[in-house]
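*Asks:* Quick one: the structure is below, questions incoming.
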Amino acid sequence: MYLDTRTRREEPKDPTLWDILDMANFFTSSIDADRAKIIAAAAAVDPDKAIRVARFFSYPKQAMYLIASFIALVSICHHISLVYRYARRARSYPATTSHRAAAPRMHRLPTALADSAKALAFRWTVPLGPSFQLNIVEVFVTAAYIAVLFTWTLINTTSTTGVIIEPHYYANRAGTIAASQLPIMTALGMRNNLISWLTGISFDKNPADPQAYSMKLNYLHRTSARVICVLVWLHGGGRLAVGLVDDEAVVNRWVQCGFLAASTLTLMCIFTVQPVRKRSYEFFLLIHFIFAFIFIMSVYFHLTGRSLTYYGAWPSMIIWGIDRFIRLVQLVLYNYGYFSPASSPEELDASVELLSPHFLRVTMYRPKYFYWRPGQSAFLAFPTVSKFPFKFESHPFTIATIAEEAVDPESGSETKKRKLVFFVRVRNGFTKRLKETVEEKEGRMKVFVNGPYSTPPILVGYQSVILVAGGSGVAFTLPLLMDLPGEANILAKILLSFGPSGTQASSHGSCLMNTKLVNNNDDIDHIKWIGDIALPALENVPESISVQMKFFVTTALENPQTWEGESNESMKEKGQWASSGTSSQTGARLLELPFASMEHGRPDVTKLIQEEVRRVTGPLSINVCGTDRLANSVREAIRAPRFGDVVRGEPSIDLHVEAFGGS
């Protein structure tokens with residue numbers, strides 16, 4: 001029997017599950033091996049690429065976390081300060097200074113440290129040019145912001161081969177960090193923004209006049225834009241040094257959009273400097289709007305080339321859109337009569353009066369739900385005054401009244417409207433055109449109001465308040481003064497409710513609040529203008545508050561006489577404008593109040609403040625709105641740290657200086 005040693009042909013079989021898994025593992029291992037070979041080859045060519053990519057994504061996030069932490073810290077400090085001041089609002093203070101000790105008191109140590117820190121940080125300034133200055137806090141924040149961004153851009157840029165500041169490391173990283181700052185820059189420039197609500201830092205009330213003596217978000221907005229501009233060119237210069245090849249060549253649209261964004265931002269930073277803003281606000285507004293639109297769209301298409309639009313483009317557009325949506329809602333809500341055919345739009349029109357060659361008074365009424373805090377501002381737009389294409393060009397002005405319901409002069413009953421009064425200083429541009437329009441036809445004008453904006457001081461928890469105003473700055477200090485009597489009544493009620501049984505407000509040996517208004521102006525008519533606004537609130541001042549008003553007139557009167565009975569024609573002949581018989585009477589009545597007085601010449605601000613510091617025993621708040629000279633004189637009076645004095649019992653001082661100017 002022979003064995004058949006020839007190979008038999010086997011029948012084909014269907015693959016089992018195990019066979020499929022074996023094949024998949026084979027191919028997977030083959031792909032992984034090929035990928036490992038590619039990565040190894042790339043690492044051999046560029047061993048720094050993995051390190052660069054990791055830092056490209058992580059470093060911008062770290063910088064953002066640090067900036068967000070700083071904003072959170074400022075917000076926490078702001079709200080703790082508010083809680084502390086509201087908690088001590090019902091506290092009483094001794095009537096005399098006999099409690100001040102020769103030896104330091106340890107419980108006053110935190111107050112003394114805080115007072116000295118504020119004196120050094122906010123009252124010492126660094127001049128930058130003839131008409132601009134920064135306080136120490138602004139200098140520190142600016143330097144710290146620049147240091148953070150450039151540190152995270154240029155740190156760890158040495159390659160594995162020892163090349164220092166290697167362009168491959170910082171080029172793309174600079175662009176990513178610049179893009180990550182776009183939402184912050186956008187938010188800082190918006191009227192409605194979360195940063196202001198959290199920190200209590202106001203948006204600059206007057207865009208045409210950047211001289212703001214306390215930290216303003218608009219200044220930080222401009223600073224952020226200029227830092228981003230430098231980072232953008234650092235990004236572009238680094239990419240040019242590396243080489244623009246393949247899909248990064250200049251022929252690609254997304255690369256061209258990058259150069260367009262850098263050029264537009266550079267031009268915007270040049271054409272929006274302070275001299276341009278002060279000389280022609282309308283030109284600044286036009287340039288800013290056009291260039292900002294081109295810049296953000298160019299950034300969007302540039303980031304699309306690397307699928308990085310979430311870094312800066314989309315968040316910035318969302319923030320801008322939210323701000324514009326809120327403005328639109330406010331515009332329709334507070335000016336609904338102009339948009340509703342069933343309403344009477346004439347009721348919303350403003351009465352514009354020419355008070356003098358340099359001042360206008362704008363009076364209007366708005367619904368009861370339009371509420372503002374004393375010292376806040378609103379943006380006004382006069383379509384019949386503004387030129388095309390700025391028919392809805394708006395400018396900020398301080399509301400000189402408090403948010404009370406207007407009273408019907410005939411029936412004496414409260415209406416469902418609030419009265420808004422603005423004192424407008426006539427300068428160049430819009431206010432000059434407004435004055436010319438009033439001179440041609442004085443009467444009522446269509447006006448759109450939007451707001452309120454700005455963050456005025458909250459005058460609670462102070463024993464004494466000093467309000468210093470120069471010229472039209474009284475529009476800021478006047479509502480603060482008018483609101484204090486109502487605040488004093490609230491304080492009296494709190495003491496009556498929570499004090500010992502039978503305790504009265506006067507039993508503590510002193511009034512609850514002392515208030516001093518110092519008004520410096522060059523025209524006696526200013527007193528007449530504010531009389532009809534201030535008298536209703538000041539004629540019935542409660543006993544719990546002590547008020548002292550001092551008016552300083554810097555121009556001498558050639559023929560002083562009683563205001564009552566003067567006609568408009570006789571006043572125009574003497575060079576005096578705007579003064580109706582009612583204003584003259586209220587001005588005289590204002591000076592007849594027992595706490596009001598008028599002097600000629602400039603006030604000695606240092607002497608007035610020092611007298612108040614020696615007299616009071618509790619916290620002191622000083623609020624200023626006026627010219628650079630007036631604000632600087634107040635700063636110099638309280639600039640020196642008073643650590644030893646505060647420890648021994650002298651009052652701590654808070655200072656608020658409001659921006660002053662017009663457009």
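Cβ atoms here come from the backbone N, Cα and C positions, even for glycine.
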*Asks:* Can you say which of 251-271, 461-481 is given as transmembrane segment in TrEMBL?
*Replies:* 251-271
*Asks:* When the domain 'FAD-binding FR-type' (341-459) is classified with DSSP, how many of its residues are helical, how many are strand and how many are coil?
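*Replies:* Grouping H, G, I as helix and E, B as strand yields 15 helix, 50 strand, 54 coil.
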*Asks:* Going along the chain, which residues at least six beyond the ends of the transmembrane segment (225-245) come within the CB cut-off of under 8 Å?
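*Replies:* For the transmembrane segment (225-245), the list is 145-146, 149-150, 153, 167-168, 170-172, 174-175, 177-178, 181-182, 185, 255, 258-259, 261-262, 265-266, 268-269.
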*Asks:* Given a Cβ distance threshold of under 8 angstroms, which distant residues of the chain, six or more beyond its ends, lie next to the transmembrane segment (132-155)?
*Replies:* 59-60, 62-63, 66-67, 120-126, 165, 170, 173-174, 177, 181, 210-211, 213-215, 219-220, 223-224, 227, 231, 234, 274
*Asks:* Could you please provide the mean pLDDT value for the domain 'FAD-binding FR-type' (341-459)?
*Replies:* 85
*Asks:* Are there residues at least six beyond either end of the transmembrane segment (251-271) with Cβ under 8 Å to its Cβ atoms? List them, or say none.
*Replies:* 175, 225-226, 228-229, 232-233, 236, 244, 284, 287-288, 291-292, 294-295, 298-299, 301-302, 304-306
